[in-house]
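Notes to accompany the following structure.
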Amino acid sequence: MTRTNSDFLTNSDPAIAGLINQELQRQRDHLELIASENFTSAAVLAAQGSVLTNKYAEGLPGKRYYGGCEFIDKIEQIAIDRAKQLFGAAHANVQPHSGAQANFAVFLTLLAPGDKIMGMDLSHGGHLTHGSPVNVSGKWFQVCHYGVSQQTEQLDYDQIRELALRERPKLLICGYSAYPRIIDFEKFRSIADEVGAYLLADIAHIAGLVASGLHPDPIPYCHVVTTTTHKTLRGPRGGLILTGDAELGKKLDKSVFPGSQGGPLEHVIAGKAVAFGEALKPEFQGYSAQVIENARALANQLQNRGLKLVSDGTDNHLMLVDLRSVNMTGKRADQLVSEVNITANKNTVPFDPQSPFVTSGLRLGSPAMTTRGMGEAEFTEIGNIIADRLLNPDSDTVAQDCKRRVAALCDRFPLYPHLEIPVPVLA
């Protein structure tokens, strides 16, 4: 009789096995609308849960500090080659443990403490690692931030240029965590060249769309590109550094190891290789196109129901609901949808009067439920469920109806039907 990994876990540690089982059930029973989350394939899960977790492999393929890396080298080289092919890059480093680690390695390569960086303000849709004062990027470097136009809630490249000319940053950062519109990398490169700055594109949210040719490509215009490998790319949680400059790539490699990390997580790198291989298949482009269409369907229905969206819509996988028009906070909206088994997150909106712990926005995304097979009709229904819940916050009857409709959708599109952990759910 063949024993599975879950059998070993159940026998060894039923408490952890039970909690994993509960998390699996939660993922199955909820509409996952967090824009930065997705469901990776069973093949990626298998790679991450393999014996590769046992192996130390400091260094790069063919140049390790440990013996016994002959198979690890082949796996990591496949991941590198697939990443380069997927994004059209001259160089790829697949070792960063996260997007934040990837960004830090770029800073270590291009900057010295005290240099100036320029990125989008976190409250307008930027990221912690783009100069937030609570992050090392905001502690080690001088920081100036740009935002979106108050009128359009979109990037104003003339304003960004004026700020860059005034501040003269050494590094200009584009790419965001909560910006629903297309980014013009060519315009950013023009601004960077005019002030003598390096240009970094952090495409963590849109990497899958870029790889599918459904968002402009940053590689021809940016000195360095970083991304996570989950989100729209649908791989394991991790980071990736790309560049069109092979010589710069060598410096970036040294900033990853030994500059900022030790041994790479080769089981995760194997998962990245599998995910990159999946993304190179024609079906992935169809998936990415559906992600965009589903986001538009959700956005359109929310607007049809009278809810305000930041920038009045979306070009990618995410949208921000501005709840000020219905006199509600993001914290309250997050709680309301959570009560009917919809997972989202409160988020600041541009020029938000609320604190980051309260916010005036709700961020929604389409990647995860698109992975489960849902299309525009289902996302239109999701829009109606969200609107019904937010516009009737005190109605238990509406809440119960919304919860029933969520369950019906989840039942129609099962998640990981092959996965079972045969232990009772813990009390």
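For all residues, glycine too, the Cβ spot is worked out from N, Cα and C.
The (6S)-5,6,7,8-tetrahydrofolate binding site annotation in Swiss-Prot covers Leu122, Gly126, His127, Leu128, Ser355, Pro356, Phe357, and the record cites sequence analysis as its basis. In the three-state DSSP assignment, the secondary structure recorded for Pro356 ((6S)-5,6,7,8-tetrahydrofolate binding site) is coil. In sequence order, Leu122, Ser123, Thr348 constitute the residues six or more apart from Pro356 ((6S)-5,6,7,8-tetrahydrofolate binding site) in its chain with CB-CB distances below 8 Å.
Summarising the annotation, Swiss-Prot assigns N6-(pyridoxal phosphate)lysine to Lys231 and lists sequence analysis as the type of evidence. Counting only same-chain residues six or more apart in sequence, the Cβ atoms lying under 8 angstroms from the Cβ of Lys231 (N6-(pyridoxal phosphate)lysine) belong to Ala35, Ser36, Glu37, Asn38, Ala204, His205, Ala207, Gly208, Pro367. Lys231 (N6-(pyridoxal phosphate)lysine) falls within a helix when secondary structure is assigned with DSSP.
Here Swiss-Prot flags His230 as site 'Plays an important role in substrate specificity'. Other Cβ atoms within 10 Å of the Cβ of His230 (site 'Plays an important role in substrate specificity'), summed over all protein chains shown, number 27.
Between the C-alpha atoms of Ser355 ((6S)-5,6,7,8-tetrahydrofolate binding site) and His230 (site 'Plays an important role in substrate specificity'), the distance comes to 28 Å. Of all the binding-site residues listed here (Leu122, Leu128), it is Leu128 whose C-beta has the fewest other C-beta atoms within 10 angstroms.
Note: Gly126 ((6S)-5,6,7,8-tetrahydrofolate binding site) has non-local neighbours Gly119, Met120, Ser132, His145, Tyr176, Ser177, i.e. same-chain residues 6+ apart with C-beta under 8 A of its own C-beta. Leu128 ((6S)-5,6,7,8-tetrahydrofolate binding site) and His230 (site 'Plays an important role in substrate specificity') have their C-alpha atoms 18 Å apart, to the nearest angstrom. In this structure, the CA atom of Phe357 ((6S)-5,6,7,8-tetrahydrofolate binding site) is 25 Å away from the CA atom of His230 (site 'Plays an important role in substrate specificity'). Between the alpha carbons (Cα) of His230 (site 'Plays an important role in substrate specificity') and His127 ((6S)-5,6,7,8-tetrahydrofolate binding site) lies a span of roughly 16 Å. Sequence-distant contacts of His127 ((6S)-5,6,7,8-tetrahydrofolate binding site), defined by Cβ-Cβ distance under 8 angstroms and a gap of at least six in the same chain, are Gly119, Met120, Gly175, Tyr176, Ser177, Asp202, Ala204.
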